[in-house]
Structure formats: C-alpha cells, structure tokens
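Since the structure comes first, as structure tokens, the remarks are kept for the end.
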Amino acid sequence: MTYSGLANWLRDRLWVGVVIGCVPWAVWIASLASGGWYKDSRDQLVGTDHLAFFHAARLIRDGESYRLYNYNELADTKYQQQLLGWDWNGFEAYRNPPFYALLYVPTAGLSYPVSFLIWTGIGFALLGLAVRLLTPERPGRAFLWALTFFPVFATVSFGQNTLISLAIFAGVYRLLHSDRPFAAGLVAGLLWFKPQLLLGLFVWWAFEPRRYFRCWLGAGVTGAILAAVSWTVIPEGSRAFVQTLATNAGFGGFGQWNVVNPKAFFVLLLPVFPQLHWPLAALCSLTSIVIAWRVKQKTGAPVTVMFPVAVFLSLWASPHALIYEWTLLVAAAAVLWEARPESRATWLCLFALAWIGLSVTTALARVQDLQKFPVVLQVGVPVMAIVGWLAARELVRTSRAQL
C-alpha cells in the first residue's frame with residue numbers, strides 16, 4: 001500500500017485516535033477525584049515530578065539553597081513530607097541547575113496542590129504559545145491533536161516541564177525562520193536548564209558554523225547570564241550544584257522502561273552485556289548524525305528541514321530522553337506539516353506510527369518488567385528509528401523533486 005492509500009484509510013478513522021487520546025486524561029482525572037485530588041486512587045502524589053521543583057524553590061525562598069543537592073539529608077529528615085503535610089512514601093530529587101528553581105519561587109509559598117495547578121495552567125498556556133509560534137494553518141486543531149499525544153499527557157500528569165522546552169524550541173524556530181540567528185541563540189540558551197536538549201541544535205549549527213555562529217554566540221550569552229544570576233542570587237546552591245554535577249549527570253536511577261532512547265533500549269534488551277550499552281547507543285547517535293548530514297547536503301539545509309531534524313536528534317541522542325520529552329515532536333510535526341504540504345500523506349502515516357508507538361511503548365515495557373521477562377523490548381525505540389529514517393528519506397526525495 002502506498003502512503004497515499006494508507007493516508008486515505010487513516011483520514012476516515014482519525015476519530016479513533018481522538019477517543020484513544022482522551023482515555024488517559026479521563027482515567028487520570030477520575031483517579032485524582034477518587035484520591036482527593038492531591039493524590040490518585042493508588043496514593044500517588046499528583047504531578048509527582050513537580051515536587052522536585054517545588055521543594056527546591058522553597059529551599060531557596062527559605063535561604064537554604066545549600067541543601068538543594070543533599071538528597072540523603074532531605075530524605076532522612078522527610079523534608080518533602082513536611083511540605084506536603086502527609087507521609088508520602090517517596091522522594092523527588094532536584095537535579096536541574098539552581099537558576100531553574102528560581103522560576104518556581106513565586107508559587108513556593110503556596111500549598112503544593114495549588115502550585116501544581118498553577119504550573120499546569122502555565123504549561124497549557126505555553127503549549128498554546130508554542131503552537132502559535134509554529135504558525136500552523138489551523139492552530140486550534142493542532143493544539144487539540146497535541147493533547148491526544150501521549151508524551152504531552154505524560155508531561156502534564158507527571159508534573160514535568162517539557163512544555164517549557166517545547167515553547168523554547170518553537171521560539172527558536174520562529175526566530176530562525178525570520179532570519180534572526182542571534183535572537184534564536186538567546187532563546188535556545190534558555191534550554192541550559194536541560195542542556196542535553198541543546199544537542200540537536202548544536203549539531204545542526206555545527207554543520208554550518210559560518211551561517212549560525214550568531215546562534216552559538218546567543219546561546220553562550222544566555223548561558224553566561226544564567227550562570228551570573230545563579231552565582232549572584234544563590235551562591236551556596238550554585239556551589240553545591242558544581243560539587244554534585246558529575247553524579248547528577250550520570251544519574252540513571254529512573255525506571256528504564258520509562259526512557260525512550262537507544263541507551264535504554266539496549267539496557268533492557270541486553271541486561272547481561274552492560275559493556276555493550278554505551279557503544280551501541282553511541283553508534284545509533286553517530287548514525288543519526290550522519291543521516292542528518294546527508295539530509296543537509298541533499299536538501300540545501302533550509303530551516304524548515306533542519307529544525308525537525310534537530311528536534312529528533314536532541315531526543316534520539318539524549319541520554320535522558322524519558323517518554324515526556326518526546327512532547328518536543330509536536331514542534332517537528334507542525335513544521336513538517338505546514339512547510340512540506342506536498343508530503344502530507346507521508347507525514348500522516350509517519351505521525352500515526354509515532355503516535356501509536358509512543359502511546360504504548362512505556363506501558364508494554366513496564367508490563368514486561370513487572371513480569372520479570374529476561375529481556376524487555378522498548379518498542380518505541382525501533383518505531384522512532386523507522387519514523388526518523390523514513391522522514392529523512394521523504395525530505396531528501398521532495399527536495400530533489402523541487403530542483
């Protein structure tokens with residue numbers, strides 16, 4: 001079956017995707033309602049990951065930033081439980097640079113559920129802003145489709161911050177598309193709170209250093225400003241961050257079933273060969289960079305081509321691409337859909353494949369993990385490899401056709 005034929009088949013069944021995409025939201029809200037809204041029916045704290053940002057901001061507000069990265073002491077004294085007012089069985093470590101926690105200081109004096117609710121609202125607003133910056137023909141429809149994408153749901157329900165990253169990526173695209181590289185670099189530099197997400201942009205800009213040296217300069221300026229703010233406002237926290245940087249950079253304590261990248265794929269698939277995990281992951285990353293270079297060479301490297309490539313590289317090559325980070329694909333999808341309308345049949349098929357793969361991958365991996373399978377297959381990784389490869393081929397093909 002051709003892309004066109006499959007796309008025609010899919011268009012009549014898109015409503016199924018809408019229904020399926022609404023299910024996690026409905027289940028989550030019902031579970032929160034039964035748990036009293038501050039936790040779900042299984043006593044899991046609402047927006048658990050938000051607690052890391054909330055408690056970090058509270059420490060800064062109370063003049064105790066030196067404790068930001070002292071995880072054992074915070075856990076032993078049950079600091080987070082004191083903030084919550086109930087004996088929650090868990091601990092959420094803050095691993096971002098200290099300047100990032102300053103964002104949450106305005107809500108640090110509120111109760112945790114209220115802070116989470118406010119930042120959830122900010123997240124939805126940033127999603128709307130990102131869609132606007134990406135200039136789709138039908139922004140309302142793009143926004144609603146984004147909500148059905150499981151990584152977006154994971155971002156909100158986990159209390160994560162990927163919608164901030166998405167808005168930053170969208171801003172970078174809008175500025176580069178308007179030929180404002182220095183401003184784009186300044187905005188990209190805001191990603192220093194999660195520097196691994198800069199990887200794809202840096203690879204892209206390294207392909208054409210003369211064209212994008214102002215992007216490098218802008219990102220460096222923003223980084224210098226953020227560092228200056230950090231060391232000026234929270235010197236003790238900044239010092240603690242530097243002292244624990246190596247440990248935090250190498251942290252891998254999260255469940256690998258929740259990570260969607262080549263490194264986690266090989267950790268789960270080859271548990272008895274740990275010496276192969278990093279080499280195989282590095283090979284996958286190197287292969288993706290080579291493919292990106294080929295796309296650049298064959299297409300002339302317009303922003304509308306290289307931006308989606310950079311988004312994919314940032315996720316594929318990142319050592320910490322958990323499921324919610326794949327929310328960034330919304331930016332890549334919006335650009336491809338609008339900038340390459342002649343390939344919309346292809347995009348619809350590939351978007352559907354990515355949508356399905358990322359919707360089921362963590363659940364399937366979790367089930368395999370709980371059942372103690374000797375090896376666990378994180379299906380989302382090969383699915384996204386296929387999607388990335390086919391998308392690259394389509395970009396090259398359409399660019400040749402336009403010559």
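Backbone N, Cα and C atoms are what each Cβ position is placed from, and that goes for glycine too.
Copied over from TrEMBL, here are the features:
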- 14-38: transmembrane segment (TRANSMEM)
- 110-131: transmembrane segment (TRANSMEM)
- 143-176: transmembrane segment (TRANSMEM)
- 182-207: transmembrane segment (TRANSMEM)
- 214-234: transmembrane segment (TRANSMEM)
- 276-293: transmembrane segment (TRANSMEM)
- 300-317: transmembrane segment (TRANSMEM)
- 323-339: transmembrane segment (TRANSMEM)
- 346-367: transmembrane segment (TRANSMEM)
- 373-392: transmembrane segment (TRANSMEM)
Best-contacting stretch, by C-beta pairs under 8 Å, relative to the transmembrane segment (14-38) and drawn from 110-131, 143-176, 323-339, 346-367: 143-176
Proximity verdict for the transmembrane segment (373-392) and the transmembrane segment (214-234), three or more C-beta pairs under 8 Å: no
Any contact, the transmembrane segment (143-176) to the transmembrane segment (346-367), with at least 3 Cβ pairs under 8 A: yes
Outside the transmembrane segment (276-293), six or more residues from its ends: residues with CB under 8 Å to it: 203-204, 207, 261-263, 265-267, 270, 306, 309-310, 312-313, 316-317, 319, 385, 388-389, 392
